[in-house]
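Q: So that we are looking at the same thing, I have put the structure below in structure tokens.
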Amino acid sequence: MADSVEQSSVTTKRISAKGARKRFVGTKSASGKHSQGVDRVGSAAHRPVNQIPEEILKDTKLQEALPENYNFEIHKTIWRIQQVKAKRVALQFPEGLLLFACTIADILESFTGCETVIMGDVTYGACCVDDYSARALGCDLLVHYGHSCLVPIDATAGIKMLYVFVDIKIDTAHFVESVRFNLGAGSCLALVSTIQFVAALQAASNELSKDYQVEIPQCKPLSPGEILGCTAPMLKDKDAVIYLGDGRFHLEAVMIANPAIQAYRYDPYDKTFSKEYYDIDKMHEARQTAIKQASLASKYGLILGTLGRQGSPKVLQTLEKQLQSLNMDYIIVLLSEVFPDKLKLFKDVDAWVQVACPRLSIDWGTAFPKPLLSPYEASVALQSVAWQQSYPMDFYAYSSLGGWTPNNESNRPTPANRRKKNLHTEVIIDNVSDSKPVIKESECGSGETCCGKCTKETDKHSSTP
């Protein structure tokens, strides 16, 4: 439900889908070859490794091929393809950017001579990065458009990665004036958006700070101001939160996490400013009912999402351990998409837990005949954690509540510079007569270079570093 708030009349420039789909025609050299013949050696011999060549940056055909307010970072992409000498490049777009796919593919092929593959499977968010499919198709490089690097580039073994956020320029002045027109000066505001608008958010913050107490919150590893549909910060001492972006999916995440704070939305496309509402009590009631039903289940079904990197094996293992500790019967099912009719086929399963997208349970849980829980809700049902009065929207946050989230400290890989850390520090041990501290085999990272000051034992004694 949204209350439209009066705004000045401003003409919105629309992008023609027809124009975006036209084929790119590159310039030709005297030899009749396309621009892909850009000198890769010559002047590059004295050029810093990461500097984009001038002949790419100043190419007028590139500058005119795509909307000027959408930054597809074409120059950087061409240079990256040349850097890694990629022969086959996979391009992955969210639904809203697919209309530019053919044009971008033509540009990249014309300027680099590579072969491009447009990946057409649905891409809901940054969690859907499909490096597995790209690698299976023999691609050397995957370019993922429209989302931040939720999956680190060093985690995609076997294929190079490039993230293009697609920064979108908006009428920042109109956004700022819309806030001033509707909210009283001196208010404490939090500004959030999707990755496409974080630059505009920073610019707007600088202007709004003259009249308001403005914060751009950060939920690491996300960028300042960035929110996802499953990950949003908990805010303190704020009069309002303003979301810059279209649609409500991402906005609802921050509304669920902060039900007591009034939310507003500014749509940069139609330039409207609206007051937004979310029935948090109805949502809580529905989720608690599902949890209560699942707590009585005799057999669980664990769903691991296979749409890109959506499913987390670490989270799945955490849930398995919880069920095993309770001697619960369960099965594991791999699914790229979760539909009610599919789950109906498993008649002996009493409750489902999906390790894919928490919003699937929140938004669509009531559409399933059996309880469909998120990992957090399953942990409540299995009594591993208490129900939180503020529903946690921390699925990809480093500061998440527990091991039912992928980036929780218990699930993150140990940094390389800490893996060999020697644990020979002060150790306090009770009821041990031997003067040497007892450290478990798995805790000593020294291996054969161990100093011998500890006794590697596996016994009932416990140590507290």
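Backbone N, Cα and C atoms are what each Cβ position is placed from, and that goes for glycine too.
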Q: Besides Cys230, Cys357, which of Cys127, Cys139, Cys149 does Swiss-Prot list for that [4Fe-4S] cluster site?
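A: Looking through Cys127, Cys139, Cys149, the residue Swiss-Prot assigns to the [4Fe-4S] cluster site is Cys127.
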Q: To see if you understand the setup: which same-chain residues, six or more apart in sequence, place their Cβ under 8 Å from that of Cys357 ([4Fe-4S] cluster binding site)?
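A: Looking at Cβ-Cβ distances below 8 Å from Cys357 ([4Fe-4S] cluster binding site), excluding near sequence neighbours, one finds Tyr124, Gly125, Cys127, Gly229, Cys230, Gly305, Gln310.
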Q: Cβ within 8 angstroms of the Cβ centroid of Cys127, Cys230, Cys357: which residues besides those meet this for the [4Fe-4S] cluster site?
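A: Checked against the 8 Å cutoff, the neighbours are Tyr124, Gly125, Leu228, Gly229, Gln310, Ala356, Pro358, Arg359, Phe395, Tyr396.
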